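Novice: This structure is in structure tokens; I'll ask about it shortly.
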Amino acid sequence: MRISKPHLRSISIQCYLCLLLNSHFLTEAGIHVFILGCFSAGLPKTEANWVNVISDLKKIEDLIQSMHIDATLYTESDVHPSCKVTAMKCFLLELQVISLESGDASIHDTVENLIILANNSLSSNGNVTESGCKECEELEEKNIKEFLQSFVHIVQMFINTS
């Protein structure tokens, strides 16, 4: 049965929650676990994503060692903390260049995974407008190795502030 009125839906959820609490969480410890679980559901879980982004960057670095990719990429080497979201978006755009230049399926898959992880982590600040930041095309062009090192540095900035 589908309930089309939102206030009725919330009442039914409250009834199920009450039944659940009465039947399984009668002990004080059970109630504490339930409350802590509710709090933890609201906490941001982006740090784990950023750690996985760094892992994928290391994997890309290892994969391109055997290839000769002579690309220069727009790289922000001195990111100001107030411009880190803008810089990250530039890094993600330039990362697609590596994927295209390599022509390697493994690199392509790793890049796609990394972009998904980073975008999920950025979702809370993704719509932030940062003023006074450089556009991607205004950044200095550097080789892939320097690009990846700078990318790791900016990801660490996100980890340290989460």
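Positions of Cβ are set from backbone N, Cα and C atoms, glycine also.
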Novice: Check for me: which candidate out of CYS83, CYS133, CYS136 does Swiss-Prot give as the disulfide partner of CYS90?
Specialist: CYS136
Novice: Report which of ASN119, ASN127 appears in Swiss-Prot with the annotation N-linked glycosylation site.
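Specialist: In Swiss-Prot, ASN127 carries the N-linked glycosylation site label; others show none in the record.
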Novice: When DSSP is mapped onto helix/strand/coil, what comes out for CYS133 (disulfide bond)?
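Specialist: In three-state terms, CYS133 (disulfide bond) counts as coil.
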Novice: Counting Cβ atoms within 10 Å across all protein chains shown, which of the disulfide-bonded residues CYS83, CYS90, CYS133, CYS136 comes out on top?
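Specialist: Output for this query is CYS90.
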Novice: Do me a favour and check the Cα-Cα span between CYS83 (disulfide bond) and CYS90 (disulfide bond); whole Å is fine.
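Specialist: Cα-Cα, rounded: 11 Å.
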